[in-house]
Each structure stands twice: as structure tokens, then as C-alpha cells.
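Student: To start, I am sharing the structure in question, which I have written as C-alpha cells.
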Amino acid sequence: MEESMKQASVMENLRSVVFKESESLEGTCAKIRGYDFNNGIDYSQILKSMVSTGFQASNLGDAIETVNQMLDWRLSHEQVTEDCSQEEKNPTYRESIKCKIFLGFTSNLISSGVRDIIRYLVQHHMVDVIVTTTGGIEEDLIKCLADTFKGEFSLPGAELRSKGLNRIGNLLVPNDNYCKFEDWIIPIFDQMLEEQKAKNVLWTPSKLIMRLGKEINNESSYLYWAYKNDIPVFCPGLTDGSLGDMLYFHTFRNPGLIVDVVQDIRAINSEAVHANPRKTGMIILGGGLPKHHICNANMMRNGADYAVFINTAQEFDGSDSGARPDEAVSWGKIRGSAKSVKVHCDATIAFPLLVAETFAAKREQSAEPSS
């Protein structure tokens with residue numbers, strides 16, 4: 001009898017540990033459900049189902065929702081404050097004020113087919129400020145002069161070098177492409193130097209980039225559309241790439257060209273500081289310089305209101321590339337009240353899907369005739 005009571009006590013203790021009573025999640029958390037293909041193939045609904053799928057699919061779904069919030073926001077959604085200007089009290093004006101979107105990306109994405117998606121966004125003026133690396137400038141221009149090809153990640157470097165082929169992941173860029181780039185760009189540098197001397201033009205990286213977008217005059221180029229739509233493109237590391245090589249070569253041929261980075265740091269910080277009364281949103285593909293430059297500019301206004309990071313970097317080495325949005329909150333680069341998410345995914349996979357369900361979907365909806 002005593003042994004039986006002991007067994008019952010043990011079982012009761014085990015049950016209390018193993019079957020601990022749960023706090024109800026009904027109404028507070030989304031239920032995990034995937035897409036049901038019995039409903040047919042509906043790509044928009046498949047993307048909408050990501051948010052309830054789990055893991056990085058849910059992060060992608062959250063990113064889609066965050067970008068749509070950026071695109072939907074209007075000043076009219078906010079309460080009128082006592083200290084706002086008369087113009088800001090006007091309902092028509094308030095409805096016209098949209099979120100200011102900063103787009104950042106690394107050069108490899110311009111080497112890839114994501115270039116065409118970025119060109120689409122810039123062509124239709126869907127973003128307001130761009131930050132990229134030098135490769136993100138030169139690769140766009142070079143693709144107007146010659147093609148990039150699909151290769152393999154495993155191709156041996158020594159063999160490729162002997163053939164004059166450069167590998168970017170599983171992409172191949174013939175070395176001849178850079179020769180064509182040199183032939184195209186050096187005369188432009190000559191013209192810029194002449195204008196510097198004759199007209200006292202003080203070039204900055206963003207002014208130089210705008211000039212290159214004008215000179216390339218090619219609708220496949222996102223820089224061309226940035227020039228056409230007056231969207232600033234910032235590149236603080238302008239010398240770190242083939243473009244830097246060309247500037248270096250130009251110093252031997254025709255020395256004296258000056259490019260001032262100080263004007264540009266004032267310009268990009270001003271883009272954030274003077275954004276008010278607009279909210280600001282950040283969409284950053286990859287890490288490094290573009291990620292930090294955009295975040296740091298938004299720190300000047302006490303943080304961005306929306307943030308979407310898409311990259312595969314980890315935070316455990318303390319790198320800015322791998323840092324989650326919450327780390328940026330600690331620096332004041334993202335507001336504590338902001339809607340933010342990081343998608344741990346190759347941007348060549350995630351970004352086209354995100355654009356399809358945000359920017360492109362809204363543009364398509366606006367083009368549909370009203371019934």
C-alpha cells in the first residue's frame with residue numbers, strides 16, 4: 001500500500017513536470033499553417049502564406065509586411081501636432097507625404113540578376129536614396145558594355161586566370177569587360193577634370209555617379225534611371241574596385257581630378273535629418289558599407305521607423321554585417337518603436353519574392369482600372 005502511494009506521488013510529480021500547464025496563445029500569436037496546393041497555384045497567396053509557415057519563411061513574410069507598411073504609410077495616418085506648420089495641417093498635403101525609403105545593396109547583387117529588379121525600382125521612383133559599394137556602380141555600367149555569364153562555384157581559379165576570366169561566386173566576368181570599361185570611362189574623367197578647372201566644379205562621389213548614369217544613356221542601367229529621376233546614389237568607398245583602378249590609371253594620364261567625400265557625408269545625413277515630417281524606412285541587401293552608411297545616417301534623426309535586412313551574415317563575430325536590427329536599436333539607428341526584421345537568406349532568393357508582393361504588386365494594383 002505504501003509502495004503504491006509512493007508510485008502515485010512519483011507519477012503526479014512527473015506529470016506536473018512533463019505536462020506543465022500552458023499559457024494560452026490564442027489571439028496573441030499566428031497559427032502555423034502552410035500553403036494548401038489543393039487551392040491551385042496562386043503565387044501571391046503562396047507568398048502571403050510565408051508569414052505563417054515558420055522559420056525564415058516567416059521572417060520573409062514579416063519583411064513583406066514591413067515593406068508594405070512603408071509603402072502604405074502617409075502623414076495623414078498620424079495625429080496633427082500643435083507645433084506642425086500650416087501646410088502640414090492641410091489634409092491633401094498630409095495624404096501626399098510618404099515614407100522615405102533608403103535602399104542599400106552590395107556589389108554582388110548588381111553582378112547578379114538582382115540588378116534588373118533594382119533597375120525596376122529606380123526606374124519607377126519607388127526608392128528615394130541609394131547606397132552601394134564601388135562594384136555596385138561599375139558592374140551596372142560594365143553590363144551595358146558587355147555581358148556577365150553563369151559559371152560554377154567550383155571552377156578552379158588558376159585555370160580561370162589563364163583564360164582571362166574572373167569569378168564572382170558562380171558568375172563569370174571576362175577580363176575584356178574591364179578593358180571596355182576603361183575605354184569608356186577615361187574620356188569622361190578627362191571631361192570632368194576639364195570642367196573642374198574651367199568651371200570650378202567640385203566633384204563628389206554622388207555627383208560623379210550621377211554623371212556616369214547620364215553618360216551611359218542605357219535604359220538597362222539603374223544608374224541611368226537614378227540620373228533621370230534625380231535619385232542620389234552614394235558610394236563612400238568609391239576607390240575600392242575597378243572604378244578606383246580607373247581613377248588611379250587616370251592620375252598617370254591626366255592628373256588633378258578631385259573627388260570630395262565630405263560633401264557627400266553631409267548630403268546623405270541631410271537626407272535623413274531633413275526627412276521630417278516623413279517617416280524613413282531602410283531596405284538593406286547584404287552587409288558592410290551600405291548597411292552601416294544607411295543606418296548611421298538614420299541615427300542622425302534618432303533612428304529609422306522601418307527596417308528590413310536581408311543577408312546571411314551571423315552576429316557572433318561582432319560584425320556590423322551580421323548584426324540584427326536590435327543591435328542597431330541600441331545605437332539609435334533604428335527606433336525602439338520601429339517595425340524591423342532580418343531575413344537570414346541569400347538576397348537573390350528573397351528579394352525578388354519580396355518585391356513581387358510589395359512594390360510590384362502595388363504598382364500593378366494602381367494600374368488596374370477602377371470598377
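Think of each number as a place in line: the chain as shown, counted from 1.
Cβ atoms here come from the backbone N, Cα and C positions, even for glycine.
The NAD(+) binding site feature in Swiss-Prot is assigned to 107-111, 133-135, Glu139, Asp240, Gly287, 312-313, 346-347; the stated evidence is similarity to another entry. Annotation source Swiss-Prot lists spermidine binding site at Glu138, Glu139, Asp245, His292, Gly318, Ser319, Asp320, Glu327, Ala328, Val329, Ser330, Trp331, Gly332, Lys333, citing similarity to another entry. Under the heading active site, nucleophile, Swiss-Prot lists Lys333.
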Student: Please report the DSSP secondary structure of Ala313 (NAD(+) binding site), reduced to three states.
Tutor: coil
Student: If you count CB neighbours within 10 Å, which one among the binding-site residues Gly287, Gly318, Gly332 has the smallest count?
Tutor: Gly318
Student: Using C-alpha atoms only, work out the spacing between Gly318 (spermidine binding site) and Gly287 (NAD(+) binding site) and round it to an integer in Å.
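Tutor: Just about 13 Å between their Cα atoms.
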Student: Relative to the Cα of the residue listed as 'active site, nucleophile', which of the binding-site residues Thr134, Glu138, Asp245 has the closest Cα?
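Tutor: That would be Thr134, the closest of Thr134, Glu138, Asp245 to the residue listed as 'active site, nucleophile'.
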Student: How long is the line from the C-alpha of Ala313 (NAD(+) binding site) to the C-alpha of Ala328 (spermidine binding site), rounded to the nearest angstrom?
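Tutor: For Ala313 (NAD(+) binding site) versus Ala328 (spermidine binding site), the Cα atoms are 15 Å apart.
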Student: Just counting, how many other CB atoms are there within 10 A of the CB of Asp245 (spermidine binding site)?
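Tutor: 16, counting other Cβ atoms within 10 Å of Asp245 (spermidine binding site).
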Student: If I take the alpha carbons of Ser111 (NAD(+) binding site) and Asp320 (spermidine binding site), what is the distance between them in whole Å?
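Tutor: About 23 Å separates the two Cα atoms.
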